[in-house]
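The block underneath contains the structure these notes are about, expressed in structure tokens.
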Amino acid sequence: MRLPLLVSAGVLLLALLPCPPCRALLIRGPVPGARQAPQLPQPLDFFQPLGRQVLPVQPVPLTTGEEYFFRQGNLNESPAAPLWSASSPLARRSSSHLSPHKAAANFFRALRQLRSLPQRPLNSPASPTERGAESALSGRQEALEKERRSKETTTSLDLTFHILREVLKMANAEKLAQQAESNRKLMEIVGK
Amino acid sequence: MSPSFKLRCRFILIFLVALRGESRYLELREAGDQDPFLLLSAHLKRELAGEPLYRRALRCLDMLSLRGQFTFTADRPQLHCAAFFISEPEEFITIYYDLVSIDCQGGDFLKVFDGWILKGEKFPSSQDHPLPTTERYIDFCESGLGRRSIRSSQNVAMIFFRVHEPGNGFTLTIRTVPNLFPCNVISQTPNGGFTLVVPHQYRNCSFSIIYPVMIKISDLTLGHLNGLQLKKPAAGCGGKGDFVELLGGSGLDPSKMMPLADLCYPFQGPAQMKIGCDNTVVRMVSSGKHINRVTFEYRQLEPYELENPNGNSIREFCLSGL
């Protein structure tokens, strides 16, 4: 008599408690800290010239497999473009082509793609308990990932060697001019 | 021991010490070569000491190769700005925050990077720099004025900055500090020469020329023991030992460039190569057991030389990558 009662109580408990095997399924994915294979959109996908939008949000760093570029939370924003002069058309383009909500939605969609969030198997529909646990775990995982990425963020500049050489040439000319000015002052002092 | 014998021993000792590879210290101390002002009188030096610091405004995209004080003030939101710093090969760069007025909470930032980074490619490469990549960025919004002065590890550095609010900005003072044994260098000019010395250091050093060049190596010394050249010098290459490699590529990172030639044995006498790549690097791999030295000259290739490759030319590799 007691045995069936105990068995049924145990089954009831198991049904109500969170399921460890389910948690293992949810954590299926890249191990934090491990090197991830870059299954990402090509960096060129981010260079769509759809205009840039200034979002009043904290910068959220993204890594694109090779820790390549720093994004400001907008997929359609071009990377740090070589804004050499204030008259550059890219510099003046500040009108937004996307609403903040759409841009943010794009950003989070890409964020999920980049982080390769764990997928639930198709043949196991999620129960409310599972979905709640899943969202809590994904939120925790997202926070961990965000913290890891913030440490791995690399800021870079897209500049061709041609432009780099041009600015280097100008810098050298400036240095020569400054040296000539110093020499002139020196000769003035020496000549006194 | 007779006094004349003692005197002779002392002369021999002085002679042997002078033959050691560390005579570079003496080169830098020659007044006439390094600082002509040392030849002037104290009065003149006092007058010149009052020379004002060079000042100008910093642009959103800028390159600085001289010392001075530079101020950036945003006249409108400037979201993608960077300034490159480059000094002489024998100098480190010191960046000093004089004044910083940015809104970190509002999305502004000001970061110093130890080296140059272009399209995600870093110089020096991760392999050749003492610090990991994350530590090469010094973010003002994280460190604040607690770290007010930052010194580079080589002759190049850069800053990235973003300022939303017009009127905000910052002022930096750029100074240089002598570097006795330059290791990682970017050349300021497409023509010139350099002697790369790595004395008993377990490190790899690169000299980068961001132009297609004809490079002529006139002297290579690998290994140096007690002032005498080793009869069987340290044989490098094959990933072992000490050697020099010539790299060519279209990016900044030497670790992502193509090795074009390996120089494994010491030699004297010019050996030249035409490299038609956007970036040419002379890289010395040193085990730390020896004093290694390579002397080379380089000049920019003319357009007709790029179009008509002949002789020892590695143009095809670089152009095929475009």
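Every residue gets a Cβ built from N, Cα and C, even glycine.
TrEMBL annotations: computationally assigned, not manually curated.
Of the listed cysteines (B:C104, B:C183), only B:C104 is recorded by TrEMBL as the disulfide partner of B:C141. Neighbour counts were taken as the number of other C-beta atoms within 10 angstroms of each residue's C-beta; across the disulfide-bonded residues B:C81, B:C277, the minimum falls on B:C81.
In sequence order, B:C81 are the disulfide-bonded residues among B:C81, B:C104, B:C141, B:C205, B:C264, B:C277 whose C-beta falls under 8 Å from a C-beta of chain A. Cα-Cα distance from B:C81 (disulfide bond) to B:C104 (disulfide bond): 15 Å (rounded to the nearest whole number). Each of the disulfide-bonded residues B:C141, B:C205, B:C264 was scored by the other Cβ atoms within 10 Å of its Cβ; the lowest score goes to B:C141. Across the structure, B:C264 (disulfide bond) and B:C141 (disulfide bond) are spaced 47 Å apart at their Cα atoms.
Looking only at the disulfide-bonded residues B:C60, B:C183, B:C205, B:C277, the one with its C-alpha closest to B:C141 (disulfide bond) is B:C60.
Scoring each of the disulfide-bonded residues (B:C60, B:C104) by how many neighbouring Cβ atoms lie within 10 Å, the top position goes to B:C60. Between the C-alpha atoms of B:C183 (disulfide bond) and B:C277 (disulfide bond), the distance comes to 22 Å.
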